[in-house]
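Trainee: The ATP binding site annotation in Swiss-Prot covers SER43, SER44, GLY45, VAL46, ASP47, SER48.
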Amino acid sequence: MAKKDAYKLTYNTSDTLFATNLGDILAPSFASIKQTRNLLGFSSGVDSTALFFLLLECEIPFDIAIVHYHTRLQADDEVAYAKELAATYNKLCFVAHAPHFNANFESNARSFRFDFFQSLIIKHHYTHLLLAHQLNDRLEWLLMQLTKGAGLGNLLGFADERYNYDKSLNNYTIVRPLESIPKNELYRFCKERGIKYFEDSSNQDKTFRRNYFRYEFCDKLVNEFSAGIARSLSYLQRDRQSLENMLYADTLELESLKMQILRQIHNISVPMHTHKICCIIFSIHKSKVQDDENLLLLFCDKVAKQCGYVLSAAQRDEISKSRFNCKIAHFIITSNTHRIYIAQDSMSMYKIVTQSPMSKKFKIFCASHRVPSKLRFLLWAEFCAWEMLCKSAYADADYLVNEQGNQHLFTHFLAKIDNFFTL
């Protein structure tokens, strides 16, 4: 008898009833991924293992990916179990081995993990990333952000849409089917079926802030009030989505500058990391939000998160005090009379140096079109990079080396950015 059949025979009447109840709860989430290419972020813990078997029950297509951090002896067994499950149920299993992180382990591990998932999504054309975050996880995040001082934009974590800033790459959707399911229900699900899973011993260490919140507050609250907490988080999510839908950004992509950066970074694997290089200026018209400072701050939150960064309470205060005219981390935040602009300072991040100083004509153009001074060096760098690419592509064309050709080149570039700063 195949192992898959043996798994199905572990059901009894109460198991089947419980599976039906949990399946009913998850049906809306699963309906959207029946015909898609799905990658499951797997850890061999109770959450992702329960999701693995729930996906099997509902005949959802998926493969799995796991990261080996080499921080615990048990991790070898966890990776081996992932491979065993994949082989048993005819799934692909991808494994990444993380380097040693000297500091900020959680942040660096998360970044490495998502880079790994991203590379697989690009290479194998997955459209959805399935994550096993459950209700307790969501409450942990909310309470930790609440104690730091956070607005609606950051209380609920990252959005479910991941945008790649490389046009050649596809965007993908993150699905969290278990987000309204209490963790104790997942323990029950696995226990009643005799499903093996692993417990990460580091989760017991209360010196980690997340673990402290988990054991002192979150688990107790979810065990007592899970239904109400799930509803509240759902309402907050809808409220945030409605607000963020109002905050649609106009964008100006600095494509030539990005190409120059990519040429300079020879030691970075293109499919794994270029999605992080954001050479885009984001903008919103103040009248769109009635010049409401809170909504403009929410816009800043939204753009920062699209770039993989969470603004702190202190940073939000600094943006407000500066009247949206400051630099936060690698973000340039500036404005003119009509608009707010946000861009990553890619020149500083990647040590880009322009070969020629700003021309007088370019300075006049910027002044007449109300281009904020903090953005002018980015636009000039884009022009210099674009000019270099054009001259390289048309090296034999005479018009590019005479005054008339250069004038045509410059006029074409200005036309590209004209409407962005005047409308």
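A Cβ is built for glycine as well, from the same backbone N, Cα and C atoms used for every other residue.
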Trainee: Under 8 Å between C-beta atoms and at least six apart in sequence, can you list the same-chain neighbours of VAL46 (ATP binding site), or say none if there are none?
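Mentor: Once residues fewer than 6 apart are set aside, VAL46 (ATP binding site) is near LYS183, LEU186, TYR187, CYS190, TYR197, GLU199.
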Trainee: Which are the residues of the chain, SER43, SER44, GLY45, VAL46, ASP47, SER48 excluded, whose CB is within 8 A of where the CB atoms of the ATP site average out, their centroid?
Mentor: PHE42, THR49, ALA50, ALA132, TYR197, PHE198
Trainee: Which number gives the other C-beta atoms within 10 angstroms of the C-beta of SER44 (ATP binding site), all protein chains shown included?
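Mentor: I get 24 for this one.
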Trainee: Report the same-chain neighbours of GLY45 (ATP binding site): residues 6+ apart in sequence with Cβ closer than 8 Å to its Cβ, ordered by sequence.
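Mentor: Set apart from GLY45 (ATP binding site) by at least 6 residues yet with Cβ under 8 Å, we have GLU78, ALA132, TYR197, PHE198, GLU199, ASP200.
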Trainee: Return the residues near ASP47 (ATP binding site) by Cβ distance under 8 Å, restricted to its own chain and a separation of at least 6 in sequence.
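Mentor: When sequence neighbours closer than 6 are ignored, ASP47 (ATP binding site) has ALA132, HIS133, GLN134, ASP137, LEU178, LYS183, LEU186 within Cβ distance under 8 Å.
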Trainee: Any idea what DSSP makes of SER43 (ATP binding site), helix, strand or coil?
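Mentor: SER43 (ATP binding site) sits in coil per DSSP, no helix or strand.
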